[in-house]
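Here's what TrEMBL has on this protein:
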type	residues	note
BINDING	GLY133, THR134, ASN135, GLY136, LYS137, THR138, THR139	ATP binding site
DOMAIN	40-86	domain 'Mur ligase N-terminal catalytic'
DOMAIN	131-339	domain 'Mur ligase central'
DOMAIN	361-493	domain 'Mur ligase C-terminal'
MOD_RES	LYS242	N6-carboxylysine
Amino acid sequence: MTTPARMRPLHPAAHLVADLVSTFGLVARGAPFPADAVLTGVSLASGDVVAGDVFVAVAGFTVHGAAYSSQAVDAGAVAVLTDEAGAALLEDSGLARRVPVLVADDPRAIAGPVAAWAHDAPGEHLVAVGVTGTNGKTTTAYFLDAALRAAHATTAVLGTVELRIGEDAVESPRTTVEAPALQAILALAVERGATALAMEVSSHALALGRVGGLTFDVVGFTNLQRDHLDFHGDMEGYFRDKSRLFATGQARRGVVVVDDEWGRRLVAESPIPVESVATHVGEPEGDDADWAVVAADIGLDGVGSTFTLRGPDGALHTAHSPLPGMVNVSNAALAIVLAHAAGVDLDVAIDAVAVAHEIPGRMERVIERGDGFPLAIVDYAHTPDALVLALDAVRPITPGRLVLVFGSDGDRDQGKRPIMGEIAARLADVIVVTDENPRSEEPAAIRSAILDGVRSVRPDLVDVHEATSRAQAIRDALDLASEQDTVIITGKGHEPTQEIAGVFHRYNDRDVLTAARTSRREQHA
Ligand SMILES: CC(=O)N[C@H]1[C@@H](OP(=O)(O)OP(=O)(O)OC[C@H]2O[C@@H](n3ccc(=O)[nH]c3=O)[C@H](O)[C@@H]2O)O[C@H](CO)[C@@H](O)[C@@H]1O[C@H](C)C(=O)N[C@@H](C)C(=O)N[C@H](CCC(=O)O)C(=O)O
Ligand SMILES: Nc1ncnc2c1ncn2[C@@H]1O[C@H](COP(=O)(O)OP(=O)(O)OP(=O)(O)O)[C@@H](O)[C@H]1O
């Protein structure tokens, strides 16, 4: 496969532009088009346009997409679908004389349905499952994928880590791709024989209509925690946007984790039928929930957790999360119930989740303990809450010291830096502070803010180190650690690049760890 924007079906459907106009009640202006004019795809970004596309030009937060119509037409766009403001821009620039201009009240809102129509509704050929929530989407989607595959589905997995069809994957540009790209990828997936979809749906995606035109068979909700309020305004707005996934026409049925107040509210307000899952052992929510985790042994086998899931009929099922920590019991329970709701036999789902493969950068065990090496884990925790959970999850499987390598992003929330420093000082034994994605900020200043937090808990800074290169920090941590220790590297997870001063450098924590192991083995050989 190629880049995400080029993930198109080899044999795209072809439709008359005239049918697009009549199906969506558009007003045709600009250059007249011949009765046999056809379209074969849809794009929302001029740089993604391929010949035969309709370019959907929307008003953005910064510019109007119509300003890029000329680039789109040069690339072969057969028409521009836009709003009145966009049509006026095309008129003023004279471009309306070269290309048909199709006008709708809210082109962003219909971009998904138009793309689904253009690709002959590929989602209808898939058992489509979507997962939303602040945390746990990626993990749940991968557990779910394991269950769907165990039931003999060929799957597409779309999310933060990658866009995967069967065994082929490309890096993902974001958690949920734009609607035209989504529909093209689904069409490609169907063309390649996919029968099921496990997909992460972000709140941005729901607010911006990226999953419009796709009706999910089942949707899941993990939790809602403070995040992205710059975009959604407040928690109420964030919840409203998340809830859009649980709407008639968007999904047929849902599964909701009810451990927090937002999940319980979603169950109460959902217009589609939902099943509830309580995953906090011993909490009162478990009494009323359809499914409940009623017992859990965290980390007994040193790898994951074994837990008991009570079903709606009262039957008890023993299940296993292959990733450490209570949060992954929650993710595993949700994935099992989602898979079951999507038609997978319950025992098949439970067995498949128990042995689900590693998820890139999510509590990923890169080096196993032994041969003089510590256990070394890469995790994506990049918020204070997630750092606490990650360190708490690793402590029980660490006979020696906990060695933490971490930093904090530049051009992002500055307030969390000292807080994460304090958490590290409280919960880790050895700390190596380094860089994450400094972006336009001075890396030393970010490290210094983190070290202020560390110093507030551990003024003597014993076993606290600073490394200006992340790769060096990882090598230092391996050198400092003995076999009984655990090295945990947090913040970047699966990310394939490091952004420094506007430049994206190829960089991956896992690759650095494996290279360090190989070079140490060679030195000792
Ligand atoms: C804040 C946000 O969500 N912004 C989205 C919004 O951007 P915008 O309104 O600023 O767009 P703009 O730059 O003003 O451009 C307007 C239009 O002109 C088009 N354009 C622009 C330039 C050009 O050369 N050619 C062109 O055609 C753009 O494609 C766009 O359609 O509309 C664009 C498409 O219309 C999105 O691509 C863009 O998402 C950006 C890329 C983004 O990264 N968003 C993040 C915050 C995001 O969506 N994150 C979530 C999840 C995060 C999480 O859970 O952690 C995700 O799903 O990844
Ligand atoms: N159910 C959960 N509740 C709270 N925290 C969780 C949960 N699952 C995972 N986490 C924490 O959140 C981090 C990210 O997990 P994951 O990638 O599965 O979530 P996500 O929703 O996909 O987030 P993102 O969109 O940022 O990738 C993990 O490193 C873990 O520390």
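Even glycines carry a Cβ here, placed using N, Cα and C.
Automated prediction, rather than curation, is the source of TrEMBL annotations.
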Other CB atoms within 10 A, centred on THR134 (ATP binding site): 22
Distance [Cα-Cα, Å, rounded] between LYS242 (N6-carboxylysine) and GLY136 (ATP binding site): 14
C-beta crowding around THR138 (ATP binding site), within 10 angstroms: 24
Residues close to ATP site centre defined by GLY133, THR134, ASN135, GLY136, LYS137, THR138, THR139, Cβ within 8 Å: VAL131, THR140, GLU200, THR222, ASN223, ASN331
Per-residue pLDDT averaged over the domain 'Mur ligase N-terminal catalytic' (40-86), given as an integer: 96
Collapsed DSSP category at GLY133 (ATP binding site): coil
Per-state residue totals over the domain 'Mur ligase C-terminal' (361-493) - DSSP helix, strand, coil: 52 helix, 30 strand, 51 coil
Among ASN135, THR139, which are binding-site residues, the residue with the most C-beta atoms within 10 angstroms of its C-beta: THR139
DSSP-derived structure type at THR139 (ATP binding site), helix or strand or else coil: helix
Recorded positions close to ligand 2 - of ASN135, LYS137, LYS242, only those whose C-beta is under 6 Å away: ASN135, LYS137
Number of Cβ atoms other than its own within 10 Å, given for LYS137 (ATP binding site): 25
